[in-house]
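Engineer: Dropping a structure here in structure tokens format, bear with me for questions.
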Amino acid sequence: DSEGGLYVCMNTFLGFGREHIERHYRKTGQCVYLHLKRHVIEKIPGASGGALPKRRNAKLFLDLETNSDLNSDDFEYEDEAKLVIFPDHYEISLPNIEELPALVTIACDALLSAKSPYRKQEPDSWEEELQASKHAKTLVQIDNGVRIPPSGWKCSKCDLRENLWLNLTDGSVLCGKWFFDGSGGNGHAMDHYKETGYPLAVKLGTITPDGADVYSFDEEEPVLDPHIAKHLAHFGIDMLQMQVTENGLRDNDIKPRVSEWEVIQEAGMKLKPMYGPGYTGMKNLGNSCYLNAVMQAIFSIPEFQRAYVGSLTRIFDYSPLDPTQDFNTQMAKLGHGLLSGQYSKPPMKSELIEQVMKEEHKPQQNGISPRMFKAFISKGHPEFSSNRQQDAEEFFLHLINLVERNPVGSENPSDVFRFLVEERTQCCQSRKVRYTERVDYIMQLPVALEAATNKDELIAYELKRREAEAARRPPPELVRAKIPFSACLKAFSEPSNVEDFWSSALQAKSAGVKTSRFASFPEYLVVQIKKFTFGLDWIPKKLDVSIDMPDFLDISHLRARGLQPGEEELPDIAPPIIIPDDPKALDIDESSVMQLAEMGFPLEACRKAVYYTGNLGAEVAFNWIIAHMEEPDFAEPLVIPAFGEVTSSGAAALGAVGVDNQPPEEIVAIIVSMGFQRNVAIQALKATNNNLERALEWIFSHPELEEESDPALNMMDMENNANANILAETGSEGPRIKDGSGRYELFGFISHMGTSTMSGHYVCHLKKEGRWVIYNDLKVCASERPPKDLGYMYFYHRVPS
């Protein structure tokens, strides 16, 4: 409340605006509150933005603040604090040592001196201060031709694949021991130091553009290596040569891709600002544009508007005592901020005149600052809780996972994205087939580079670019590969080889191919263009291509058909479980690991996902990631337990059966994360000897479970069947699926500028009221030339047939 300030309960230390404080008092009976107000005295001369009135009440610690950050150094202000006793609103000015008990005075002082929750979003100095190694400057590196690949590392002495360290002198890759980071190993890195005296090593898997974990054997502690980029480049790792600027963008992001930045942001055009409900911008909190773009798209969908904004009063009335930790409350508040229009109002004429008089005529649109929302939704997540740039597609799936886990009423808005994929796997030798179904939320389209229609131009551009680079001249004007959308759609539907396929017909490994089709079409189709990949030089690269994405899309021909006449199914026999004498020698499918890493997930998390799902493929491992990404050790290195150790992860990896035949929680969680009921997951696993893949097949092949389900669930199904499009409701049969025609119309897309998901900038374009609108953080304007061919994620809605 910009006028009423903030009321903080002295028992729970939760803050409320003036309109909510009475309800909190009636609900809890808490009667002592600290009332805080901030008065802006004056605008500091020379600070950015227009001047403010001499004295006015300002917001304090509220989430939906405008772009004027009153916690910044641009303002001089004074704070006013009072103790308020309800229900009589008796006020005691602070400080007041004489009248208040000592305990109350101490509590008030502690609260008033506490750090702003907004400041906590910024990098703090609580992390251990590392010292530069004394060996860094004079480190001698042997020119032995060693080049380190971007994946597939293992200890050169014992074949371990985790807790690996690269010696910066000779390039040896060796395992660590139980020290420094708590990971296991055989200590070969330390043995190598004792033999050679080579002092510095960097941990593989921790290398980012911001640095890496370096350990000094001689100094016996973690250290900083100021020359880490040069030392890594010696072994072919040039990732750190890209310097990060203050705004999170790298110099080489901008220079070679100037046209991309200009085209996507529609630079150089006079864009008309948009105001009112649905045209509210979001402040960039430091590389949070990925969140802003996704949330703008999400709250343009009517189902999400109804679920959260339409139910705002009910959600607030039934929110827990600590609403800052309630997902639905935070979603409702953010949705209200975006859709109410209260934070998207055109400037007053007096403000425009003042800006012109002060020669500061740079229209600053107001908007909201989603600090509390970001703090909650990223809590415990190793990537989203940081201030680094993230992948918008990964955040979208993270958000859907939270929506699934926090139901709001009888309607689950994420149902509009969910669809079933039918996968047909065929043994090339026996010609027998297996049909399975899985849940998905995104259609991932490969980029068919070989189908570029301007190959001659691309070849000529590449020659000119190399010549300019050799002569140190400015690069030629960028030529972007033009890819037909039809070629990408064809690549999606073509069969792909199944790595390490085990044929149940042959009872042996064989060649296999897999094709994917839509078993159902979602109400809203999200299409991701797979632009990001890894180069051999460790640099995550982005395919800079132009794809003629259609305004109207028809994928009806991709409808699954099921088992066809004349086809013979593969026997329902699971491959034999081979438990090696040394479980640490278990292989991990590195191709599946790299597929997941290309999506932006941490490398160690990808390795754990593939390991704990028994190398069943990237799709199954992806579901494991979605189910476990909230865990604090999500990105920690994989530690493989010895056989016989009691760990749920180990049980899941080996498909072990518990003493009471209870399926391992690890596998149950994977199936539940796909949208199935827990009791169905347990029943399916028990029937298939805890084989994850077979359990999923079993679930879809037992429709009779609906008759045996709990009566309460049946009643819920009857209520939900009001929607005629719902084929499978929440219950034993499977996840809720809204099926319909496969014809869609484009209504939004998210574009990325930059060379990788770890840097750059995201912008969202949405079609509203018949016209395209660009959402570029706080800037919301009518779009003149929406760059539909350069998008990363596309949002389509079903066209009624």
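Using the three backbone atoms N, Cα and C, a Cβ is placed for every residue, glycine included.
Unlike curated entries, TrEMBL annotations are predicted automatically.
Annotations for this protein, taken from TrEMBL, read as follows:
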ACT_SITE  Cys289  active site, nucleophile
ACT_SITE  His761  active site, proton acceptor
BINDING   Cys155, Cys158, Cys175, His188  Zn(2+) binding site
DOMAIN    131-239  domain 'UBP-type'
DOMAIN    280-799  domain 'USP'
DOMAIN    587-628  domain 'UBA'
DOMAIN    662-702  domain 'UBA'
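Any idea what these are sitting next to in the structure?
Structural biologist: For Cys289 (active site, nucleophile), the same-chain residues 6+ apart in sequence whose C-beta sits under 8 angstroms from its C-beta are Gln389, His761, Tyr762, Val763, Asp777.
Cβ neighbour count for His761 (active site, proton acceptor): 23 (other Cβ atoms within 10 Å of its Cβ, all protein chains included).
Confidence over the domain 'USP' (280-799), given as mean pLDDT on the 0 to 100 scale, stands at 81.
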Engineer: For Cys158 (Zn(2+) binding site), list the number of other Cβ atoms lying within 10 Å of its Cβ atom.
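Structural biologist: I get 14 for this one.
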Engineer: What same-chain residues, at least 6 away in sequence, bring their CB to under 8 Å of the CB of Cys175 (Zn(2+) binding site)?
Structural biologist: Cys155, Lys157, Cys158, Leu160, Glu162, Asn163, Leu164, Trp165, Gly185, Asn186, Gly187, His188, Ala189
Engineer: Would you count the other CB atoms within 10 A of the CB of Cys155 (Zn(2+) binding site), including those on all shown protein chains?
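Structural biologist: Other Cβ atoms within 10 Å of Cys155 (Zn(2+) binding site): 21.
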Engineer: For the domain 'UBA' (587-628), give the DSSP counts of helix residues, strand residues and coil residues.
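Structural biologist: In the domain 'UBA' (587-628), the DSSP-based counts are 30 helix, 0 strand, 12 coil.
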